[in-house]
Amino acid sequence: MMKMEVVFVFLMLLGTINCQKLILTGRPFLHHQGIINQVSTVTKVIHHELEVAASADDIWTVYSWPGLAKHLPDLLPGAFEKLEIIGDGGVGTILDMTFVPGEFPHEYKEKFILVDNEHRLKKVQMIEGGYLDLGVTYYMDTIHVVPTGKDSCVIKSSTEYHVKPEFVKIVEPLITTGPLAAMADAISKLVLEHKSKSNSDEIEAAIITV
């Protein structure tokens, strides 16, 4: 009888240890899987496309040019009240932008996340202010320049954002592809008017004279 009691106690102890191990190891797993403390959001994606009678390389040359950031006020006259650039214009560069009165959002920061020359792909993420103050937890612009012929391409722009459910009706009418469309229009116009300009100095001169 004594042996059976000892075995029973041992099994109980073993079970307790295993349960504790499950709790200790299982909780990080649940955190990792997003089951605990998960913030519920709604994902939205909006798109804009512009066909351009210029090569994808010519269009991408401007989009990927590190000097583009400092010339945004020249490319989009009247849009900015203030523009501060932190970085060299490449990946990791942060733009602190304040727009003219009456524009919304009035101020926010964005960061260049990706500049992929092979696939002509650029990603820019809003990291502070703007829609992030209105329940948006993630906001990413993507520009993809896709060739459709030797001297033709399409600029595919999109915005993906994640927003808390209670803010969806507030931000949905505000977030549009307008800024991406304005940039695509400005760059395509620049390239079409100055097709012979292919290096950085020529592009800079062309932008300044827009």
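Just so you know, glycine gets a Cβ as well, placed from its N, Cα and C.
The feature signal peptide is assigned by Swiss-Prot to 1-19.
Here Swiss-Prot flags Tyr108, Lys109, Glu110 as dopamine binding site, drawing on experimental evidence. For the recorded site, Tyr108 (dopamine binding site), the DSSP three-state label reads strand. Within 10 Å of the C-beta atom of Tyr108 (dopamine binding site) sit 19 other C-beta atoms, taking all shown protein chains into account.
What Swiss-Prot records for Lys122 is active site, proton donor. Taking a C-beta cut-off of under 8 Å and a sequence gap of six or more, Lys122 (active site, proton donor) has these contacts in its own chain: Tyr63, Ser64, Phe112, Leu114, Val115, Asp116, Thr142, Ile143, His144. The DSSP secondary structure for Lys122 (active site, proton donor) is strand.
Residues or ranges marked as (4-hydroxyphenyl)acetaldehyde binding site by Swiss-Prot: Asp141. Note: Asp141 ((4-hydroxyphenyl)acetaldehyde binding site) has non-local neighbours Glu110, Lys123, Val124, Gln125, Met126, Ser157, Ser158, Thr159, Pro179, Leu180, i.e. same-chain residues 6+ apart with C-beta under 8 A of its own C-beta.
Using the Cβ center of Tyr108, Lys109, Glu110 for dopamine, the list of other same-chain residues with Cβ within 8 Å runs, in sequence order, Ile94, Leu95, Asp96, Met97, Glu107, Lys111, Met126, Ile127, Glu128, Gly129, Gly130. The DSSP secondary structure for Asp141 ((4-hydroxyphenyl)acetaldehyde binding site) is strand. Within the group of binding-site residues (Lys109, Glu110), the Cβ with the highest number of other Cβ atoms inside 10 Å belongs to Glu110.
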